[in-house]
Amino acid sequence: MRRSRILGIGSYLPKSLVTNDELACTVETSDEWIVKRTGIRQRYIAADDQMTSDMAVEAAKLALNDSGINKQDVDLIVVATTTPDRTFPSCATIVQSKLECKNAFAFDIQAVCSGFIYAMAIADNFIKSGQVNVSLVIGAEVMSRILDWKDRSTCVLFGDGAGAVVLSNNSARNTGVISTILYSDGTLHNLLYTSGGTAYNGVAGTICMNGTVVFEHAIEKLSASIVEILNKNNLSIDEVNWFVLHQANIRIIELVARRLKIPSEKMVISINQHANTSAASIPLALSYAKNSGKLKQDDLVILAAIGAGITWGVCLVRM
């Protein structure tokens with residue numbers, strides 16, 4: 001049986017770091033207010049001439065180097081992003097060109113903060129079907145360009161960055177991507193959206209969010225999806241080494257852990273370092289877990305994210 005395994009992980013954050021105190025100089029907020037409500041202490045902002053594809057390429061290079069896979073052996077590139085360089089062509093094809101992955105086909109997936117889980121599921125199924133052997137899965141965002149920097153309810157929450165993994169065919173029975181479950185509820189699309197769009201008004205717009213309701217759905221849906229994937233695979237929380245949830249708000253992560261009785265030491269937390277990076281959130285957290293010595297070979301990991309749409313998803317992986 002074919003199964004996709006994560007062979008390499010890479011991440012990239014822009015050079016410009018903006019602390020909460022620096023934000024407080026431009027909008028009515030404070031470090032104490034932001035940390036207490038979100039757990040965020042800082043975020044990174046892309047340079048004016050830096051595109052989503054640029055960050056995606058840097059993360060992908062590190063993931064490829066970590067995996068030992070040659071770029072010419074990559075068959076598929078999937079980029080999860082809601083902030084592509086241009087309306088078209090896809091960010092993924094630009095990444096393919098910059099990386100010189102001449103043998104790959106490439107496309108974008110847009111599920112906002114859930115995008116990386118969706119991209120993982122798609123790449124995993126391409127590998128399982130035998131259509132590809134090696135896939136680059138990337139989450140990359142420049143959220144700073146769709147923020148209203150005068151709106152403290154949203155501008156303090158987001159940052160820019162990219163993360164990537166290399167998935168490769170692996171026949172070992174208990175290793176790799178074991179299970180993924182994807183969900184969406186389009187009736188809730190008005191809870192989190194941008195004020196613009198190509199067809200809507202021809203401009204990118206800025207993020208608009210009903211934060212309280214999104215918060216409630218996040219706790220409910222992330223908790224339920226984790227329970228579902230555990231039950232589907234006859235596993236208990238005790239058997240899982242790490243839970244990597246979308247890094248949107250520390251309180252969401254803590255409340256999901258409390259609801260499911262997950263020990264806090266099993267929750268991977270990186271939001272304090274880079275804020276909510278949307279589709280880049282999960283691979284950035286994975287990279288942090290690996291680089292800090294937490295994540296080890298054979299660890300059983302649950303990845304879970306929720307985003308606008310509303311979309312959400314969960315993935316069970318043996319490293």
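Each residue, glycine too, has its Cβ placed from N, Cα and C.
Swiss-Prot annotations:
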{"type": "ACT_SITE", "residues": "Cys113", "note": "active site"}
{"type": "ACT_SITE", "residues": "His246", "note": "active site"}
{"type": "REGION", "residues": "247-251", "note": "region 'ACP-binding'"}
{"type": "ACT_SITE", "residues": "Asn276", "note": "active site"}
Those active-site residues listed as His246, Asn276, and which of them has the most Cβ atoms within 10 Å of its own Cβ: His246
Secondary structure of His246 (active site) (DSSP, helix/strand/coil): coil
Integer mean pLDDT for the region 'ACP-binding' (247-251): 98
